[in-house]
């Protein structure tokens, strides 16, 4: 594991600890690696009006964009499931795809172990901004 991946995984685990999830009690953390090498984190933020809840991955990407980042290379995601690796929900996969399909995705367990995959594997045949330019 490279130092940057170690840091990315560690930061995603730390972000999980900040989750606001009083209803589901299902904490999720995410950490995004920008093309410039910055790490931006996010956690899930629930709302009493459940439809307004925001996932950790979307919190992280929105925060990164608000800080001026537009190019990303990787994301690490973790949640409370101990027995298996869990990926981002479909909505989050689509939001990540907005910024390219060439993301490395680290599905991370609470013990720090992870499985490496890619966004293009998690969202095959994805709809992307490129489709909007096709006639």
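Each Cβ is built from the backbone N, Cα and C atoms, and glycine gets one as well.
Residues annotated as domain 'CMP/dCMP-type deaminase' in TrEMBL: 3-130. What TrEMBL lists as Zn(2+) binding site is 55, 89, 92. Residues annotated as active site, proton donor in TrEMBL: 57.
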> Counting by DSSP, what is the helix, strand and coil composition of the domain 'CMP/dCMP-type deaminase' (3-130)?
Replying inline: 42 helix, 33 strand, 53 coil
>> With an 8 Å cut-off on Cβ distance to the 55, 89, 92 Cβ center, who else from the chain surrounds the Zn(2+) site?
In response: 56, 57, 58, 88, 90, 91, 93, 95
>> To see if you understand the setup: which same-chain residues, six or more apart in sequence, place their Cβ under 8 Å from that of residue 55 (Zn(2+) binding site)?
In response: 28, 30, 44, 88, 89, 91, 92
> Can you tell which of 89, 92 has the most other C-beta atoms within 10 Å, given these are the binding-site residues?
Replying inline: 92
> Tell me, how many other CB atoms lie within 10 A of the CB of the residue listed as 'active site, proton donor', whichever protein chain they belong to?
Replying inline: 28
